[in-house]
Structures are given as structure tokens and as C-alpha cells.
Amino acid sequence: MDDEQKQEQARVDSVINKISDRIETTTDEYEKAHAEKRDVQKNYRNNTSVNWFEIDDRIDTSAELQQQRALESRLNENESIIKNQLERYQILEKSPYFGRIDIQDPDESQPERLYIGTSSFVDDDQNFLIYDWRAPVSSIYYNGVLGQVAYETPAGSQTTDLQKKRQYLIQNGHIENMFDTNETVGDEMLQHVLGEQNDDTMQNIVATIQREQNDIIRDTRSDLLVVQGAAGSGKTSAILQRIAFLLYHSRRELEADQIVLFSPNKLFSHYISDVLPSLGERNMAQVTLAEFFNERFEGLHVQSLFDRYEADQTHPGDAHLRDYKEGAEFMATIRDYCRNLKTPEMAFTDILFDGRIFFSHGEIKALYETLPNVLPVDRFLQLKNALIKQLKARIDVEAKKDWVQDAIDNLSTEEYHTLLGSKRRHQFQQLDDEVAYIAHKLVKDRLRSVYDAIYNGYFLDTYQQYNAFLNQCSLPENVSQSSWQQSISDYHDQIEYHRLNLIDAAPLLYLRDQLLGGGTNSAIQFLFIDEMQDYSLAQLLYLHHAFPRAKLTFLGDSEQALFKDVEEPEAVLRQLNEAFHVKKSRLITLNRSYRSTYPITTFAKSLLPDGDRIEAFNRPGDLPKLIIRYDHAGATRALIREVQTELAESSVCAILTKNLTEARQVYQEIHGELDQVTLLTDMDRSLPKGAVVLPIYLAKGLEFDSVIAYDVSAQNYPDASLTGTLYTIATRAMHHLTLLSIGPVSPLIATPRIPAGQLQIEHELNN
Ligand SMILES: Nc1ncnc2c1ncn2[C@@H]1O[C@H](COP(=O)(O)OP(=O)(O)OP(=O)(O)O)[C@@H](O)[C@H]1O
């Protein structure tokens with residue numbers, strides 16, 4: 001250790017001491033806050049156990065309880081603020097900072113040294129010992145090269161002279177490594193971090209954020225930010241850091257649950273779940289598209305993207321028809337259709353109660369006719385109000401009937417009191433009033449389902465309405481009437497079985513919202529969509545409609561699209577701009593790929609016709625291995641041997657297949673021969689150790705130490721339509737990639753673009 005490093009270590013020690021002291025005092029504070037909250041809660045519980053019916057005169061209790069509830073919520077908040085601070089200090093205690101910048105401001109006589117870490121730390125004399133990485137001045141660390149640099153502050157742009165930039169790797173209080181660099185963030189540090197990574201969960205990249213990634217993270221202006229980047233270029237990492245940045249930037253106005261991330265699968269949700277907590281922030285809400293749709297279509301099973309991948313492989317369907325139904329124009333057609341819909345064309349339906357008609361569709365239609373001719377969404381709101389008014393009138397009439405009196409007589413004391421609810425006996429002038437109240441309440445409760453049906457708009461059969469819409473569409477030239485009619489009849493059959501094809505989900509929801517209103521959540525301020533290439537424009541438009549106030553960040557890589565054509569990043573942005581009409585949009589492309597070793601990225605990019613623009617990060621490693629076998633038994637033996645070799649070094653080895661059928665078959669073949677092997681499905685939420693077998697679409701967004709691509713033969717990957725699939729598989733590997741071919745190798749690999757020297761080839765003879 002040279003003198004310089006000794007001095008730096010001494011500073012680290014002294015800062016850690018101060019952090020440890022602070023942890024001690026904060027722990028005391030936390031315990032106090034916790035005890036205070038517990039006392040109040042105990043008190044609150046004792047009070048709420050008051051029996052309302054026996055102690056009629058304790059009217060004050062309610063006000064007291066309200067006060068206590070407010071107090072409890074204040075104490076809760078206080079406790080969680082202290083807890084959060086404590087967690088941040090605990091993170092800092094292990095590794096207080098990762099960067100230092102020495103800057104000389106024009107109006108200062110001395111240069112200043114600033115140390116940068118995951119959050120700021122101020123000593124008792126108000127000296128900033130650590131700056132938060134998200135502070136305006138910290139951007140110099142990520143963006144600046146030595147010399148004059150500018151950075152944005154709330155007060156405008158500032159310039160300063162950057163004299164030194166130093167990076168540290170501090171683990172458990174020790175400086176493991178430190179480098180001075182003139183680059184944005186030096187490659188040495190990246191080498192170190194990337195070489196060390198393992199599969200468990202994603203790590204934050206705060207110490208080594210690259211310049212273009214920093215642009216993504218710190219963008220606060222764009223309404224629509226589109227990130228297109230090669231596999232492993234850090235798109236997901238960057239947006240998680242962006243979320244942490246936004247939470248810091250708008251601490252007062254933004255909560256983590258006002259941010260939604262659409263993630264590609266459940267495994268991915270788990271995989272990224274540690275990143276924000278490791279930065280001292282709460283996780284945002286996460287949902288998959290399938291979860292979102294299934295929640296919106298209660299009682300209907302919506303086809304998932306995975307079901308569709310599987311179906312596509314046997315019945316690819318009409319591509320033109322799909323393009324039409326998944327496009328922006330189709331959604332616009334729905335909006336126009338809804339706006340111009342005439343009463344006779346509306347699919348009104350009866351509201352039933354106990355199997356009998358309560359409001360007939362004719363009655364409802366007639367009522368609708370009497371309402372002012374405004375947009376359907378407003379007119380339906382009026383219709384709901386009018387129907388609820390009628391329902392109330394019918395409740396009044398019904399409450400006076402004999403059956404109700406009989407029902408009251410048969411109520412147990414407990415049921416009676418439940419109906420009485422918070423009302424107290426002395427609030428009624430006479431017993432009759434009380435009975436009338438109970439009768440009314442009883443009928444209202446019984447008719448609750450009618451009320452819900454009105455409230456939810458069940459008087460309009462939206463499935464039937466969508467069917468009617470489909471039947472009147474003017475088709476584009478490349479879509480034939482027969483294939484359109486077939487798709488309508490498929491839709492019809494699916495609905496009969498309470499199922500819905502993915503292609504119809506967004507349009508149908510849009511139609512429903514256009515007519516009946518609702519479906520929107522204005523509380524969400526930021527919407528993130530990862531793997532955007534797997535979403536149709538119609539789906540993206542629907543999500544924009546569903547979260548109308550949210551700023552949008554979409555990220556993806558069209559090269560990784562399974563069964564879809566590659567699109568240029570600029571074309572993606574153009575399409576979105578035309579469809580979304582946002583004020584400020586921005587495209588950021590990331591071409592440098594960090595995940596895999598140099599030989600793996602070099603191989604993977606060669607699979608793509610235009611892979612040259614991808615830059616492989618220079619991390620050394622073994623060449624990808626291509627194993628060729630000419631029969632199934634030989635292939636299985638080779639597979640088992642490879643898995644064993646890989647598991648001797650790594651804790652997880654992923655065998656990636658084209659689809660679920662293939663994954664099941666591989667699992668059957670090997671699970672008797674290996675100790676730890678798991679077949680993963682779309683229900684799995686976490687990754688077990690050992691060998692895992694899964695179809696590629698479930699591995700989207702994930703990475704593994706070691707990947708075996710199963711059966712890359714010419715028979716299994718015959719043509720360019722599977723380039724995206726193969727590329728996605730190859731780019732999941734961080735350190736080792738093995739390709740197993742049963743029979744002659746796919747022309748996607750046996751191509752002049754991939755010289756033999758890029759691979760280690762093992763033929764059957766070597767078995
Ligand atoms: N600046 C960085 N510093 C350190 N590691 C990084 C950096 N950028 C990316 N990585 C690492 O590279 C790997 C790939 O990153 P990430 O998963 O974010 O890429 P991606 O573009 O979303 O990939 P894909 O599209 O293939 O899912 C991760 O292990 C991530 O930690």
C-alpha cells in the first residue's frame with residue numbers, strides 16, 4: 001500500500017467511525033420512536049375493543065380514536081424516516097464512498113475535495129463528508145473529463161475546473177482498489193465489477209455508471225424517453241438507477257408507489273428487487289402485462305405473451321391481420337367508433353337479480369335515449385346515476401313489503417346490530433323509525449349486486465359491443481375478409497370459454513373505457529416499460545391511456561424481439577411520436593454491451609446482420625463452445641457432462657430452449673441424472689441453485705454465469721426468423737456460453753459472419 005492509499009484508508013477509517021457513532025445514536029432514536037408508537041398502538045387497541053352496543057354513552061370515543069389514529073400515523077411516519085436513515089448509514093458503513101472529485105471553483109482560493117457515495121453524510125459540524133451520487137455536483141464524476149466542466153444545478157448551469165477524478169473499491173471498510181482516471185468512469189473499475197458478478201440478484205451500478213447511462217438516469221425533462229440498446233448494455237440497470245434518482249430529485253412530491261414498472265416476467269421482478277433497497281430507496285410497483293390484463297378482465301383468462309409464443313410456433317397466424325389489430329390506427333378507429341355510436345347499435349343487456357330481470361335491456365335503452373346526446377362516456381355516467389335513482393326508489397318500495405318484516409323478525413341479535421352499524425338506538429325517535437331503517441338497510445344489502453352491476457356498467461355487454469365493432473371495420477387491403485371473419489369467430493369462441501386472446505385485450509379494454517369511462521389511474525407519475533419490443537403499439541397506447549399523467553420511459557432492443565422484425569431505434573421513436581403526441585420526446589441508444597465476456601459478445605453480435613454497431617466490453621474469457629452430436633443419446637450425455645462441469649464452477653447453469661415443449665423434454669431427459677435440476681415455468685418467482693431449464697422468453701432480462709443453448713441445429717433454428725431468439729439466448733451468458741447442436745449446425749451460426757476462430761468446436765469424435 002503506498003502512502004497515498006494509506007492516507008485514503010485513514011480517511012475511510014475516520015469517516016466510518018463517524019458513521020458508526022451516528023448509527024449508535026440513530027438506533028437509540030429509532031428504539032425510542034418504536035416504543036412510543038407501540039404504546040400508542042396498545043392504547044388504541046384497548047380503546048377500539050369498546051363494545052358499542054353496551055356502552056351507548058361513549059360518544060366521545062370516536063373523536064378520541066380519530067385523534068389517536070392521527071397520532072399513530074405521525075409516529076409511524078417518524079419511525080419510518082428514522083429507520084430509513086439508519087438503513088442508509090448501515091449501507092455507508094460498509095462502503096462509504098466510491099468516488100472523489102477535486103474541483104476548483106472560479107471564486108474559491110483552494111480546490112475542494114468531494115467524496116461521492118450512495119447517500120450523503122454530514123458530520124456534526126455540518127461538513128459534507130460524503131455527497132449523494134444524485135446531488136447536482138456529483139454528475140461531474142460521471143460526465144466530466146479533467147479540465148473545465150459544466151454541471152446543472154437548480155440555480156442554472158455552473159462551471160468548475162475538474163482537477164482529479166479517483167475511483168475506489170471499498171469493501172467492508174477496506175480500500176480494495178483505487179484508480180485515478182481521466183475517463184468518464186474508468187474501465188479498470190468496470191473490469192473488476194463485471195468480473196465479480198454472480199447470478200443471484202442484480203446489483204446497483206452506482207459506482208460505474210457510464211456517460212450515456214447517466215443521461216438516461218438524470219433526464220427529468222422528457223415526457224417520453226425511449227432507450228434502445230444492445231443486449232447487456234445496461235438498460236435495466238440504468239432505469240433502476242433512474243428511479244432512485246427521480247425519488248431523490250422529487251423527494252417531496254414523489255413516492256415509490258407512484259412509479260410503475262412493467263416487467264417481462266416474474267423471475268425478473270425478483271431478480272431486480274434488491275437494487276433500489278441497496279441504494280436506500282423503496283421499490284416501485286411492478287407488474288407484468290399478463291397480471292395487468294387479468295386484473296382488468298375479472299373472470300376472463302387473458303392469453304399471456306408466453307402462451308402466444310408457444311401458439312405462434314405451431315400456428316403463426318396472419319401477420320398482416322396482426323399488424324392491423326396491434327397498430328395505432330386500430331385504436332383510433334375504436335375511439336371514433338365509440339364516439340359515433342348510435343343508441344340502436346348499443347349492446348345493452350339486462351341487469352339480473354336472483355336470476356330474474358331487474359332492469360331489462362329495453363328499459364335501460366329507453367332511459368339512455370332520454371339523456372342528452374353527449375359523448376357516450378358522459379352519457380353513461382348519467383345513465384348510471386339515473387339507474388341508481390330508480391334502484392333507490394325500488395328499495396323504498398321493497399322495504400315496506402311483508403317479506404322484509406318477516407326477515408327482520410328472523411334476524412339474530414348479532415345480525416340486527418350489524419345492520420344497525422354505527423347508528424345508536426337513541427338516535428331514533430321511535431322504534432318504528434329504527435325498524436324502517438333496518439328494513440331499508442336490509443333491502444339495500446340484498447340488492448347490493450344490482451348496485452354493483454350498475455356501478456360497473458354491466459348493463460352494456462362490452463364483449464358483444466366489441467364483436468359488433470369488429471364486424472363493421474373497413475379492412476386494409478392486405479387483410480382478407482376470410483381471415484378477418486376467422487379472427488372474429490375465434491374471438492367469439494374464446495369468450496364462450498371465458499378466455500381472451502392477447503391481441504384483443506388492449507383494444508377491448510380501450511373500447512370499454514371509451515364507452516363506460518374509468519380504467520385510468522392518474523396517481524401514477526412515472527411509467528416504465530422494459531422489453532418494449534414485446535409490446536404492440538396498441539398495448540403501449542392503452543397503457544398511456546391507463547396512466548394518463550405518467551411520464552413514460554420505454555426501453556428495449558428490437559434485436560431481441562422473438563418473432564418480430566428488427567426496427568431501427570429512430571423508426572421506433574418516430575412511430576411512438578406519431579401515436580403518442582407528447583410534447584418532449586427523446587431517444588437514447590446504448591451500443592456498448594457489458595454483461596458478457598468479449599468472446600461471447602463478439603459471437604452474439606455476429607449472429608446479427610447489423611451487429612457491427614454493438615461494442616463488446618473488453619473483458620477476457622473463454623471462447624463460446626459449440627458441441628455437435630449426431631444423435632439424441634449422445635447429445636444428452638454431452639449435455640449432462642457440460643452441466644456438471646459448469647456447476648463445478650458456478651452455482652447456476654441455465655439451459656435455455658426455444659419453447660416450453662423443448663424445455664420439458666430436456667428436463668425429462670436429464671433430471672434423473674443430475675442432483676439439482678429445475679424446470680422453470682411462468683409461475684416461478686425465484687431462481688433456484690443448480691441447473692435450471694427454461695424457455696428463452698422466461699429468461700428475458702435475466703443473466704446467468706453459464707448458459708447452455710439447447711439444440712442450435714439447422715433443424716431447430718432453420719432461418720432468420722429465429723435470429724432474435726438465438727441472439728437473446730446467447731446474450732444471457734455472463735462468463736460461459738455453450739451451444740449444443742443435435743445434427744448439422746444452424747445456418748445462423750454456420751455463416752461466414754462467424755469465423756471458426758470465434759468458437760471452440762467439439763465434434764462427436766471427441767466424446
Ligand atoms: N455501468 C455499469 N457498471 C457496471 N455494470 C454494468 C453497467 N452497465 C451494465 N452493467 C451490468 O451489465 C449487465 C447487463 O445490464 P442490464 O441487465 O441492465 O442490461 P440490459 O440492457 O437491460 O440487457 P438485456 O436487454 O439483455 O436484458 C448487468 O450485470 C449490469 O450490472
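Here the Cβ of each residue, glycine as well, is placed from N, Cα and C on the backbone.
Around Ala230 (ATP binding site), a 10 Å sphere centred on its CB holds 28 further CB atoms from the protein chains shown. Mapped onto three states, the DSSP output places Ala230 (ATP binding site) in coil. Annotation source TrEMBL lists ATP binding site at Gly229, Ala230, Ala231, Gly232, Ser233, Gly234, Lys235, Thr236.
According to TrEMBL, the feature coiled coil maps to 16-43. Through the fold, the coiled coil (16-43) approaches residues 68, 71-72, 75-76, 78-79, 82-83, 85-86, 89-90, 92-93, 96, 121, 123, 129, 173 of its own chain, all at least 6 residues removed from its boundaries and within a Cβ separation under 8 Å.
TrEMBL lists 208-597 with the feature domain 'UvrD-like helicase ATP-binding'.
Around the Cβ of Gly232 (ATP binding site), the same chain contributes Ser593, Tyr594, Arg595, Ser596, Thr601, Glu703, Thr731, each under 8 angstroms and 6 or more positions distant in sequence.
Proximity to ligand 1 at the level of Cβ atoms, with a cut-off under 6 angstroms, picks out Gly229, Gly232, Lys235 from the binding-site residues Gly229, Ala230, Gly232, Lys235. For Thr236 (ATP binding site), the same-chain residues that are 6 or more apart in sequence and have a Cβ closer than 8 Å to its Cβ are Met202, Ile272, Asp530, Leu555, Gly701. Averaged over the coiled coil (16-43), the predicted model has a pLDDT of 89. For the ATP site, the Cβ centre of Gly229, Ala230, Ala231, Gly232, Ser233, Gly234, Lys235, Thr236 serves as reference, and the other residues of the chain with Cβ at most 8 Å from it are Ser237, Asp557, Leu590, Ser593, Tyr594, Arg595.
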